[in-house]
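Peer 1: Handing you a structure now.
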Amino acid sequence: MQCLLGSIVILATVFTFCEATISSACLRCICNVESGCRPIGCRYDVYSYSCGYFQIKENYWEDCGKPGTSFKACANDYTCASNCVRAYMKRYIGGSGCPANCESYARIHNGGPRGCRHPSTLRYWEKVHQQGCNVNS
């Protein structure tokens with residue numbers, strides 16, 4: 001029993017250290033790039049609408065768990081939208097093959113679940129970096 005208890009404690013400790021979340025600073029930089037961090041409504045962009053503070057698409061909102069009363073309402077509410085981005089990152093960072101840092105989060109936000117591996121998202125990261133964020137933000 002003592003050996004089993006020790007294994008459970010070690011496993012819980014490892015899990016605690018592995019669960020990373022996007023920082024408020026990194027969220028703010030992404031928000032500034034997407035909308036000037038304002039609820040700008042919806043714009044047609046790459047085959048579908050992108051809405052709100054983070055220019056979230058409906059399938060992104062679905063992947064983050066459909067928080068709030070509707071896709072557009074959530075996207076235009078900073079708290080709901082930032083919680084959606086946090087949930088999306090939590091869902092996808094582990095399977096992306098990329099480190100849990102601001103660069104990876106920004107590139108996933110821009111390019112989807114494995115966006116951190118696509119060279120096409122490097123320009124987006126540069127925009128986020130220009131907002132004052134670095135890899136460790």
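For all residues, glycine too, the Cβ spot is worked out from N, Cα and C.
Annotations in TrEMBL come from automatic prediction, not curation.
For reference, TrEMBL lists these features for the protein:
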ACT_SITE  Glu34  active site, proton donor
ACT_SITE  Asp45  active site, nucleophile
DISULFID  Cys26-Cys102  disulfide bond
DISULFID  Cys29-Cys133  disulfide bond
DISULFID  Cys31-Cys37  disulfide bond
DISULFID  Cys42-Cys51  disulfide bond
DISULFID  Cys64-Cys84  disulfide bond
DISULFID  Cys74-Cys80  disulfide bond
DISULFID  Cys98-Cys116  disulfide bond
SIGNAL    1-20  signal peptide
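Help me picture these features in the structure, burial and contacts included.
Peer 2: Here Glu34 (active site, proton donor) comes close to Tyr53, Phe54, Gln55: these same-chain residues lie at least six apart in sequence, with C-beta atoms under 8 angstroms from its C-beta. Reduced to three states, the DSSP call for Glu34 (active site, proton donor) is helix.
Mapped onto three states, the DSSP output places Asp45 (active site, nucleophile) in strand.
Secondary structure from DSSP puts Cys26 (disulfide bond) in a helix. Neighbour density for Cys26 (disulfide bond): within 10 A of its CB lie 26 other CB atoms from the protein chains shown.
With a cut-off of 8 Å between CB atoms and residues at least 6 apart in sequence, the same chain places Cys102, Ala106, Val128, His129, Gln131, Gly132, Cys133, Ser137 near Cys29 (disulfide bond), listed in sequence order.
Residues within less than 8 Å, Cβ to Cβ, of Cys37 (disulfide bond) and separated from it by at least 6 positions along the same chain comprise Arg28, Cys31, Tyr53, Tyr78.
Long-range C-beta contacts of Cys42 (disulfide bond), restricted to its own chain and to partners at least six residues apart, with a cutoff below 8 Å, comprise Tyr49, Ser50, Cys51, Gly52, Lys72, Ala75.
Under the DSSP three-state reduction, Cys64 (disulfide bond) is assigned to coil, being neither helix nor strand.
In the three-state DSSP assignment, the secondary structure recorded for Cys74 (disulfide bond) is helix. Contacts of Cys74 (disulfide bond) defined by a Cβ separation under 8 A and a same-chain sequence distance of 6+ are given as Gly52, Ile56, Trp61, Pro67, Gly68, Cys80, Ala81, Cys84, in order along the sequence.
Taking Cβ-Cβ distances under 8 Å and a sequence gap of 6 or more within the same chain, the neighbours of Cys98 (disulfide bond) are Ser104, Arg107, Ile108, Cys116, Arg117.
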Peer 1: Can you tell me whether DSSP puts Cys80 (disulfide bond) in helix, strand or coil?
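Peer 2: The three-state answer is helix.
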Peer 1: Cα distance, Asp45 (active site, nucleophile) to Cys26 (disulfide bond), nearest Å?
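Peer 2: Counting only the Cα atoms, the answer is 23 Å.
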Peer 1: For Cys64 (disulfide bond), just count the other CB atoms lying within 10 A of its CB, please.
Peer 2: 22
Peer 1: Which one of these disulfide-bonded residues has the most other Cβ atoms within 10 Å of its own Cβ: Cys31, Cys84, Cys102?
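Peer 2: Compared across Cys31, Cys84, Cys102, the most Cβ atoms within 10 Å surround Cys84.
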Peer 1: In sequence order, which same-chain residues at least six apart have a C-beta under 8 angstroms from Asp45 (active site, nucleophile)?
Peer 2: Gln55
